[in-house]
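K.L.:
Attaching a single structure in structure tokens format; questions to follow.
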Amino acid sequence: MVYRVIRVAVAGASGYAGGEALRLLLGHPEVEVGAVTAASSAGTRLGDVHPHLMPLAERVLAETTPELLAEHDAVVLALPHGASAALAAQLPDDLLVLDCGADHRLADPVAWKTFYGSEHAGTWPYGMPELPTAPFSTTTSGAAPDKQRAALVGARRVAVPGCYPTGISLALAPGFAAGLLEPDDVVVVAASGTSGAGKGLKPNLLGSEVMGSMSPYGVGGVHRHTPEIEQNLSGAAGEPVTVSFTPTLAPMPRGILATCTATVRAGVTAAQLREAWNTAYTDEPFITLLPEGSWPRTADVLGSNVVAMGLALDERVGRVVVVAAEDNLTKGTAGAAVQCLNLAFGLPETLGLPTTGLAP
Ligand SMILES: NC(=O)C1=CN([C@@H]2O[C@H](COP(=O)(O)OP(=O)(O)OC[C@H]3O[C@@H](n4cnc5c(N)ncnc54)[C@H](OP(=O)(O)O)[C@@H]3O)[C@@H](O)[C@H]2O)C=CC1
Ligand SMILES: CC(=O)N[C@@H](CCC(=O)OP(=O)(O)O)C(=O)O
């Protein structure tokens, strides 16, 4: 099949998510990288902020304006939340806008206000193609669940998921969609590499604070990804799901390892659990369910668009344990954006996206 070249601009190109979007777009066979824009670093050579993006080293970061972005077929917004909604409101309807920020992810304005403290900007199709969106029964039908993918084909606005919600939602959704898990006893503890916080200097991210130490943050149900995870799992379950989520910071630049546990319904077996996850993900190119007894490592998915997960039933306490690994910058944001771009333009979903990690 012959495709036309798609011109894609990246706003926030000097940041971590923008840089990762550019790395992936440079390897995409149907994409030409258009404008690269920023804020305080406008006027700087891209090679000075992202020396690893050698083919683009001589490009100069431009000011971020709606007029410049509108000259493209698609734009990746890799800006702080709030900034992307204001900009997106000035962009034409027929331009594909992929927002890596949080502004358009939540459907509930009250949850938005509670966790972000500002006015809700509205809700866009949610960019997690593999997410089961309706309850199904592997025991009665053996059919795969409906997925979020359908809402992304041909879309012109996409809310790219948060990095933690990506691995965590995909880790647990099959169990909820299959009706195997209790909705009110989900506990997640996840460790993230420091690039998850963006490139800005923050006191807790100084090298001497991070190196050789792990630390919790956003403890006590206050992290802003909590409502996003609950929204995704509730959609899969068909009933409200509540989650206790604790993030931690790990001394590594990239990667998330999420340990997700939930109480299983009475009588649920390990075989039923594995069947539900298998049914949900067997045809998904970017989700790897590891064999029994195998567990993912962040190193195995670095730079790849894959979420790798291992699953077990802790029979002693009646809980499913799913450990998921992802690269926060790839499947956790920029890779998901490119995957959604492919769906939006009717390209093969996997085009330009790596499925192998960087090891050792
Ligand atoms: N890092 C990650 O792992 C993930 C990030 N995200 C989301 O992606 C978005 C970008 O994150 P990240 O790359 O980490 O952040 P960074 O802080 O690394 O980069 C932010 C970028 O936005 C630009 N910028 C800041 N304010 C404005 C503005 N008002 N108008 C235009 N550009 C602006 C900055 O430009 P300049 O440098 O010139 O000031 C920079 O290019 C955020 O919404 C984040 O939550 C989502 C999932 C994972
Ligand atoms: C390690 C670290 O600090 N990670 C960030 C998550 C980044 C992200 O995904 O943020 P958005 O939802 O705004 O896109 C955090 O916990 O705030």
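Yeah, the Cβs are placed from backbone N, Cα and C, and that goes for glycine too.
Whatever TrEMBL says is automated annotation, not expert-curated.
Just lifted these from TrEMBL, have a look:
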- Cys163: active site (ACT_SITE)
- 7-139: domain 'Semialdehyde dehydrogenase NAD-binding' (DOMAIN)
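Looking at the shown structure, can you explain where the listed features end up?
P.N.:
DSSP gives Cys163 (active site) a helix state.
Across the domain 'Semialdehyde dehydrogenase NAD-binding' (7-139), the prediction's mean pLDDT works out to 96.
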K.L.:
By a simple count, how many Cβ atoms lie within 10 Å of the Cβ of Cys163 (active site), its own Cβ left out?
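P.N.:
Cβ-Cβ neighbours of Cys163 (active site) within 10 Å number 29.
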K.L.:
Can you break down the domain 'Semialdehyde dehydrogenase NAD-binding' (7-139) into helix, strand and coil residue counts using DSSP?
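P.N.:
Counting residues by DSSP class gives 36 helix, 27 strand, 70 coil.
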